[in-house]
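Asker: First the structure, which I've put down as structure tokens, then a few questions once you've had a look.
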Amino acid sequence: MKTEGGAQAPPFAGREQSLIEDARRSAAVLAGLSGSSRARDGLVFEQKDGRVTINVLFALSGTFEAKLLHVESRPGRKSKNGATDLEFFMKCEVHSSDLDVFVNSLKRVVDDVRSVPEEKVPWFPRQIKDLDRCNMLITKFDPDMDQDHPVRLSPPRLLSYVGYRLCHRGEPLPTVEYTAEEVSTWRHVYRQLRGIYPGLACRQFLDGLQQLEEEAGYGEDRIPQLREVSAFLKGKTGFQLRPVAGLLSARDFLCSLAFRVFQCTQYIRHSSAPMHSPEPDCCHELLGHIPMLADKEFAQFSQEIGLASLGASDEDIEKLSTLYWFTVEFGLCKQNGAVKAYGAGLLSSYGELVYALSNEPEYKPFNPEEMATQPYQDQTYQPVYFVSESFEDAKTKMRRYSATIKRPFAVRYDPFTCSVEVLDQPGKIQDSLSRLRGDLKTLQSALEKFS
């Protein structure tokens with residue numbers, strides 16, 4: 001059949017043909033309306049008899065000058081004969097004034113049309129090199145204006161401004177020439193804390209610290225260099241250090257953990273206040289955090305908090321950072337019938353470490369839902385601490401909590417490429433399952449050798 005213009009008619013028949021023509025007439029009416037803005041929408045629909053073809057979608061899209069961004073199909077969820085009934089997902093961009101008519105036209109051709117508006121997801125890094133963009137510093141003072149502040153813009157801090165860009169470019173981390181006064185401050189802190197660790201710190205921390213003393217140059221007479229410590233961690237748990245010049249925003253800091261990268265300061269607190277620092281310094285990082293990150297189970301726990309933060313809303317970031325506060329910074333755990341410390345804020349503070357394991361504060365069981373909204377103190381000791389039964393128990397509960405975070409996708413870390421996979425399509429999930437099956441076969445083979 002030929003149209004009046006001499007072009008062959010599109011290969012649609014009966015009901016579908018007439019509905020497409022109706023859509024064209026509606027589009028012609030709308031063409032004269034003002035406004036050129038475009039709307040982006042996702043649509044899910046079903047075709048009961050399986051006869052809908054991609055040509056129908058192309059015809060409607062051409063009629064309304066819509067741009068098809070993504071189309072996929074799968075067996076219909078409500079289908080009794082999944083071989084023929086299909087469910088489609090389509091993401092498209094269409095003129096705002098045409099959107100309602102476009103959807104109504106689609107409803108006349110297919111069944112059960114549902115709109116799935118595109119969710120706005122905050123930007124997050126996909127590859128480890130993207131962490132170059134995650135460097136938003138948060139400070140409550142101006143070190144240039146307040147020259148008497150214990151943490152000024154010292155040479156180690158200035159070096160950190162340059163060093164953070166070198167971490168993922170194949171260049172070695174910068175080294176710091178600490179002054180005799182700074183080494184003396186380190187020595188004082190190291191001696192004081194080292195003396196009380198055996199009775200108050202958890203087993204994982206003590207094991208990690210011993211390894212650092214044996215393999216990474218830890219000791220009271222020398223401040224360890226990040227280059228050496230990062231190499232040590234990389235070999236133990238895959239974590240690496242990245243120099244940073246101060247306290248990062250919660251979102252930027254947490255997303256780094258997803259890549260097993262720990263943002264670490266290089267400057268040290270002022271000698272006038274050796275047992276206190278108003279913000280993270282190398283005593284806090286090297287004595288509080290690093291020994292715990294040498295433990296595989298705890299490293300996995302830390303990374304999972306980071307993975308949960310990717311693409312999360314601001315509200316969920318606030319909750320995750322509070323969870324981080326009451327675990328990685330000020331967490332307690334049970335070991336051999338006693339309560340021990342594993343939080344870096346405790347393990348780098350003589351006064352609060354002793355206080356936290358006294359009879360003064362309140363202890364609560366590890367409960368992520370409660371912890372996420374618990375008020376915390378950053379100016380004095382915590383009135384409340386949360387105690388986990390074990391790291392495995394804490395990890396299980398954190399995974400359960402992370403599953404409640406609303407995101408239109410899941411994420412998976414690929415250690416081979418140091419990148420994050422966004423699992424938002426069936427094909428990507430299938431690929432991940434295939435790799436998992438390969439790992440399970442390897443484990444099965446290993447078990448068979450012991451049988």
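From the backbone N, Cα and C atoms, a Cβ is placed for every residue, glycine too.
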Asker: Of the residues GLU315, GLU318, GLU329, only one is listed by TrEMBL in the Fe cation site with HIS284, HIS289. Which is it?
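Answerer: So, going by the record in TrEMBL, that would be GLU329.
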Asker: Residues near the Fe cation site, HIS284, HIS289, GLU329 excluded, by Cβ within 8 Å of the Cβ center?
Answerer: PRO280, GLU285, GLY288, VAL328, GLY343, ALA344, GLY345, LEU347, SER348
Asker: Could you tally the C-beta atoms, other than its own, that fall within 10 angstroms of the C-beta of HIS289 (Fe cation binding site)?
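Answerer: Summing over all protein chains shown, HIS289 (Fe cation binding site) has 23 other Cβ atoms within 10 Å.
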Asker: Cβ distance under 8 Å to GLU329 (Fe cation binding site), same chain, sequence separation 6 or more: which residues?
Answerer: GLY343, ALA344, GLY345, LEU346
